[in-house]
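Take a look at the structure set out below.
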Amino acid sequence: MSFDTFYNIITGQPRSARETTSGVNPLDRSSLWPAPVATGNDVEEAVRSAQEAFPAWSEKTYKQRTELLEKFADLYLVHANEFCQLIATECGRTAGNAAIEVYVAAQWLRYPSKYEIPEEVTEDEKKTSIVTHEPLGVVAAICPWNFPLMLALGKIAPALATGNCVILKPSPFTPYSSLKLVELAQQVFPPSVLQVLHGHDDLGPMLVKHPRIQKITFTGSTTTGKQILRDAAETMKRVTLETAGNNASIILPDVNIEAVIPQLAGGLWFNAGQVCIATRRMYIHQDIFDEAVAQLAEASKDLASGMEPIQNEMQLVRLQQALSDANAAGCELLSLGKTEAAEGFFIQPTILKSPPPDADVVQQENFGPIVSCIKFSSLDEAISLANNSDTGLAASVWSSDVSAARRVAAKLEVGNVYINGPPQPDPYVPFGGHKQSGLGVEYGLPGLLSFCQTKSTYLYK
């Protein structure tokens with residue numbers, strides 16, 4: 001299979017288009033390969049063929065479907081080197097960081113096979129009640145640009161395992177790995193069970209509004225998530241949303257600073273901060289504040305010098321504006337060194353020291369290598385500051401006293417709390433956000449069941 005020509009995949013076949021777009025290499029702004037732009041007719045054909053494939057696919061047993069996912073995982077890993085090169089190119093990653101995504105993503109293909117979809121039976125004097133979980137039908141998976149493979153597979157695998165057919169829509173900034181992923185999948189799955197469409201900004205709304213698509217699963221911005229909710233309401237679609245998170249870390253005064261700071265730095269700057277659960281706001285106890293910030297800046301310098309670019313120019317401009325606004329507001333900016341290749345979408349990683357907690361740069365999610373460090377004097381203050389956000393995706397707590405850290409975690413208004421370790425998702429653990437960070441959960445058994453509809457059958461005696 002060639003990894004330098006790209007097609008939409010409809011009805012199991014590669015499909016070119018009259019119109020194409022080309023991505024941009026974030027390292028040097030050079031144009032990448034042409035990718036076909038799907039039309040409204042392509043959407044109709046993909047949905048129709050998915051509907052036709054659904055009965056036979058949904059009638060397979062859960063075990064049969066997960067065995068095919070395992071087979072696909074094996075085939076995918078045979079081509080891991082090609083996917084590593086593709087991710088490195090379209091995302092601007094180092095080879096090592098590209099490999100992290102490619103190999104970790106395979107775990108999401110395998111995790112459904114560790115579960116069974118439950119059937120619950122209860123009985124009383126009058127009847128037996130049976131609760132089953134059935135596939136929905138056609139699912140549209142709308143994916144972002146920061147981890148195009150892993151986040152796509154995190155939606156594809158549970159949807160297919162539970163008997164649905166999937167139409168994948170990658171970000172127009174990073175279509176290439178998704179197009180190749182689905183092309184490769186045709187060697188394993190029946191035609192039209194898994195399709196992919198790349199297109200302009202009108203493609204997502206076409207899928208969301210389509211009356212014969214039963215569910216939308218989306219990862220991306222809160223603004224787009226809200227629009228999806230509005231558009232999906234017309235047909236009462238099931239919706240799972242994972243949206244923005246202005247994530248907080250709380251560092252208690254009893255931590256071993258020398259042990260904790262390198263872990264914090266690694267989590268902050270991985271993938272140039274383009275991680276949905278990365279820390280954006282760091283609340284540090286006043287007794288260790290100056291030392292912790294100084295050590296964080298020092299520990300970050302080596303990481304910052306080799307930092308990758310922002311994936312696209314649109315996001316780069318947003319981050320540049322955030323830093324400009326912070327500077328104009330008088331915030332103290334600790335720049336961690338200049339990046340080497342100025343031609344690409346590079347930005348200096350920056351620590352904001354003691355910005356006002358209500359400043360725009362603190363309250364908005366800066367999806368990139370910018371972190372605000374703010375001191376607190378009491379646990380109640382730290383918890384209040386951390387919860388002072390419209391979003392609630394993730395948080396972390398650092399303390400030598402695990403019991404104290406757990407008490408803090410219990411009061412944080414977020415979907416995911418990481419104690420004494422950097423934020424990392426786990427395919428076996430439900431993942432979702434509170435407040436405006438999303439609806440529903442992905443991963444684990446609850447994530448699998450989110451692709452099902454529940455049926456209760458009553459057998460009267």
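The first residue you see is number 1, and the count goes up from there.
The backbone N, Cα and C atoms fix where each Cβ goes, glycine too.
Listed in Swiss-Prot:
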- E242: active site (ACT_SITE)
- C276: active site (ACT_SITE)
- G220, S221, T222, T223, T224, G225: NAD(+) binding site (BINDING)
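Sequence features annotated in Swiss-Prot and their locations in the structure.
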{"residue": "G220", "record": "NAD(+) binding site", "Cβ neighbours (10 Å)": "21"}
{"residue": "S221", "record": "NAD(+) binding site", "Cβ neighbours (10 Å)": "14"}
{"residue": "T222", "record": "NAD(+) binding site", "Cβ neighbours (10 Å)": "21"}
{"residue": "T223", "record": "NAD(+) binding site", "Cβ neighbours (10 Å)": "11"}
{"residue": "T224", "record": "NAD(+) binding site", "Cβ neighbours (10 Å)": "19"}
{"residue": "G225", "record": "NAD(+) binding site", "Cβ neighbours (10 Å)": "23"}
{"residue": "E242", "record": "active site", "Cβ neighbours (10 Å)": "27"}
{"residue": "C276", "record": "active site", "Cβ neighbours (10 Å)": "25"}
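A gap of 7 Å separates the Cα atoms of E242 (active site) and G220 (NAD(+) binding site). For the recorded NAD(+) site, residues G220, S221, T222, T223, T224, G225 set the reference point as the centre of their Cβ atoms, and the other residues of that chain within 8 Å of it by Cβ are F218, K226, Q227, I228, T243, A244. Taken residue by residue with DSSP, E242 (active site) is part of a strand. Here the Cα atom of T223 (NAD(+) binding site) is found 15 Å from that of C276 (active site).
In the three-state DSSP scheme, C276 (active site) falls into the coil class. Considering only the binding-site residues G220, T224, G225, C276 (active site) has G220 as its nearest partner by CA-CA distance. In this structure, S221 (NAD(+) binding site) belongs to neither helix nor strand by DSSP; it is coil.
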